[in-house]
Amino acid sequence: MALNSSVTEFILFGLTQDAGKQKAIFGVFLMFYLATLLGNFLIVATIKTSRTLGSPMYFFLLHLSFADACFSTTIAPRLTVDALSQKRTISYNECMTQVFAAHFFGCMGIFVLILMDFDRYVAICKPLRYTTIMSCHVRHMLVILGWVGSCIHSSAQLFLALRLPFCGPNVIDHYFCDLQPLLKLACMDTYVINLLVVSNSGVICMVSFIILLISYVVILYSLRNHSVEGRRKALSTCTSHFIVVVLFFGPCIFMYTRPATTFPIDKMVAVFYTIGTPLLNPLIYTLRNAEVKNAMKKLWCSQV
């Protein structure tokens, strides 16, 4: 509990106040959440048990699926329960925990996408040195750095949230706790804190997206020397990765790289990257990847 806040709980406005729409939201988002858990944990189980999916790319995909499942779990269950609840309150401590957890797992997803892109860059542009550069020790160290970096980022976000004093309205015009809607409720000038939020979340999103775009240009340029079959396989993998990057970074850049203003479309944009992306990732990576599909079939058949 912050010393400079007289508010002990917040009320989440949710996606809508319409009773009929709330029932639809409950059904739809419950199915989305269960499908997200099933899809991501199926990928985790497949990669963990398969002998054919031992490359660094699938090692990183395992961590992306785990981060996506956790990221969705920090937001979707409360959204689903609140859709049928008359009292949509969240305590101050729970709100701060959600701010930390959402940014922790969301940032880890960003870092893993960068690691997956780095893996593709090394595999395509430096194939002879691939096994040396992406050794077991290196990829474990890269993932550990990703988790540490995520913790630093989310701790900074939590620190900024804890600095906000709340002494009046406590209705958050959103379906989960995040810094943008909290800044609107703070009884202080939030200009400096908003700049820090943009320089933290916004810069991470923008710099990561630019790095990924540059790497795609380099990869596409280097593919000109590959065989037709090599180009086809590389482009198939990179296309899946690029789709995931655009779907995730587009809404994130829209939300976190602007001044402290809110728009009516904000909640729908947030739904896209908090609910939609963790659901779409397993579909994109499995439907476009024959190795993963074959490994899943073997796992499923062995269990049956």
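Note: Cβ is positioned from N, Cα and C throughout, glycine not excepted.
Summarising the annotation, TrEMBL assigns domain 'G-protein coupled receptors family 1 profile' to 39-285.
According to TrEMBL, the transmembrane segment annotation covers 24-45 (among others). For the transmembrane segment (24-45), the residues of the chain that approach it from at least six positions outside its boundaries are 14-16, 61-62, 65-66, 68-69, 72-73, 76-77, 79-80, 83-84, 275-276, 278-279, 281-283, 285-286, 292, 296, 299, judged by C-beta separation under 8 angstroms.
Here TrEMBL flags 57-79 (among others) as transmembrane segment. Same-chain residues lying 6+ beyond the ends of the transmembrane segment (57-79) with a Cβ under 8 Å from its Cβ atoms: 12, 14-15, 25, 29, 32-33, 36-37, 39-41, 43-44, 47-48, 90, 98, 101-102, 105-106, 108-109, 112-113, 115-116, 119-120, 123, 139, 143, 146, 175-176, 237, 274-275, 277-279, 281-282, 285, 292.
The transmembrane segment feature in TrEMBL is assigned to 99-118 (among others). Here the transmembrane segment (99-118) has long-range neighbours at 57, 60-61, 63-64, 67-68, 70-71, 74-75, 139, 142-143, 145-147, 149-151, 153-155, 157-158, 161, 176-179, 182, 201, 204-205, 208, 211-212, 215-216, 241, 244-245, 248-249, 252, 273-274, meaning same-chain residues at least 6 beyond its ends whose C-beta is under 8 angstroms from one of its own.
According to TrEMBL, the feature transmembrane segment maps to 138-160 (among others).
For 191-222 (among others), the entry in TrEMBL reads transmembrane segment.
For 234-256 (among others), the entry in TrEMBL reads transmembrane segment.
Taken from TrEMBL, the feature transmembrane segment covers 268-287 (among others). Within its own chain, the transmembrane segment (268-287) has Cβ neighbours under 8 Å at 15, 29, 32-33, 35-36, 39-40, 42-43, 61, 64-65, 68-69, 71-72, 75-76, 79, 102, 106, 174-176, 178, 240, 243-244, 247-248, 251-252, 254-255, 293, 296, counting only residues six or more beyond its boundaries.
Residues 103, 107, 110, 113-114, 117-118, 120-121, 124-125, 153, 156-157, 160, 163-164, 179-180, 183, 234, 238, 242, 245, 249, 252-253, 256-260 of the same chain lie 6 or more positions beyond the ends of the transmembrane segment (191-222) yet place their CB under 8 Å from a CB of it. Note on the transmembrane segment (234-256): residues 57, 106, 109-110, 113, 116-117, 120, 123-124, 180, 197-198, 201-202, 205-206, 208-209, 212, 216, 219-220, 223, 226, 266, 269-270, 272-273, 276-277, 280-281, 284-285, 288-289 of its chain, located 6 or more positions outside it, place their CB under 8 angstroms from a CB of the stretch. Long-range contacts of the transmembrane segment (138-160) within its own chain (CB-CB distance under 8 A, at least 6 residues past either end) are made by residues 56, 59-60, 63, 96, 99-101, 103-105, 107-108, 111-112, 115, 118-119, 179, 193, 196-197, 200-201, 204.
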